[in-house]
Amino acid sequence: MATPLRFRASAIGECFARQHSSRLPAQRSGAGRSGTRRHCSAITASRSTGVLNSRIGAARSGSLPFEELLAGAEAAAKLGSQVVLDALDKPRRIDYKGATDLVTDTDKKCELAVLQEIQRRFPDHLILGEEGGVIGNSSSDYLWCVDPLDGTTNFAHGYPSFAVSVAVLYKGRPAAATVVEFAGGPFCWVTRTFTSSSGGGAFCEGNPISVSNTDQVERSLLVTGFGYDHDEAWATNISLFKDFTDVSRGVRRLGAAAVDMCHVSLGIVEAYWEYRLKPWDMAAGVLMVEEAGGKVTKMDGGEFSVFDRSVLVSNGVIHPKLLDRISPATKSLVNQGLDFSQWYKPEGYSCN
């Protein structure tokens, strides 16, 4: 069987061959990043003027510097990514958490690898994992949000749009994050690593990234997602999908929230929204978008927390225009009695 990282298309091979000399993306040195981080912070500030309610990223990181937290997130995501890489193009066991919500043995092995690295580096921290639930000290100011395989259904089918997502919150606000995206496809898999820290900018493979400057919905490529429950929120988003398909260049549905938000931060799509996501789905991606100069709110336009049940991220410029359609639809759901209170916040964890 061909190895997962053997490239058949020369263009892809030339682009990724260097980074895959050790099967995982090489990271640039801290010295190489420092100058560009200041540049990205300036982008965030300038594009936020008059648009953002407030930053969602942590203003400070307590006794641990942002750089140390980011190093931990990168190391944990790298170990988890190796588990996924080793499983690509191989048979996998699939279990079901619901009628359509599945989990593979790779999810569990990847989360274990990530958790062990976090616990090794930060034994007193609290961890919230998609598969393992809450682990650790609930009195800690630090909460790690881990999605070991965002886009499990895609992974199970060999469809290229999934990721390992690791983020750490300080008192409820994202402080540092890493997302390792898998793309390409069977026998031609490639990865790219997104990193960010609050106030430090957003990067892809060590290169500073920023959201697009497209200022018209009509010229925008948009992304959304749909949950497993086909309820009123699902039906409302189907209507929003249709509405925006009619007025934009298109709406995509890839099935991996962290990947979708990284694509907004990369500037290749202008916005992403979805109902009923969990903290581990959003914590890394929202920080990427904000640090790349974008805007993050709830879908009713309110100030966002990773424990909220809706999210809208965009390049910031088109955010008000998107809310003109999305906010009334969301408020209508609230009026119908749908619960949009915060959820999955570990008992005893303080955001103050």
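Just so you know, glycine gets a Cβ as well, placed from its N, Cα and C.
The Mg(2+) binding site feature in TrEMBL is assigned to Glu130, Asp147, Leu149, Asp150, Asp281.
Mapped onto this structure are the features recorded in TrEMBL.
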residue: Glu130; record: Mg(2+) binding site; DSSP (3 states): coil
residue: Asp147; record: Mg(2+) binding site; DSSP (3 states): strand
residue: Asp281; record: Mg(2+) binding site; DSSP (3 states): helix
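It is Glu130, among the binding-site residues Glu130, Asp147, Asp150, Asp281, whose Cβ has the fewest other Cβ atoms within 10 Å in the structure shown.
Every protein chain considered, the tally of other Cβ atoms within 10 Å of the Cβ of Leu149 (Mg(2+) binding site) stands at 29. Apart from Glu130, Asp147, Leu149, Asp150, Asp281, the Mg(2+) site neighbourhood in this chain, defined by C-beta within 8 angstroms of the site C-beta centre, holds Val146, Pro148, Gly151, Thr152, Ala163, Ser165, Ala257, Ala258, Trp280.
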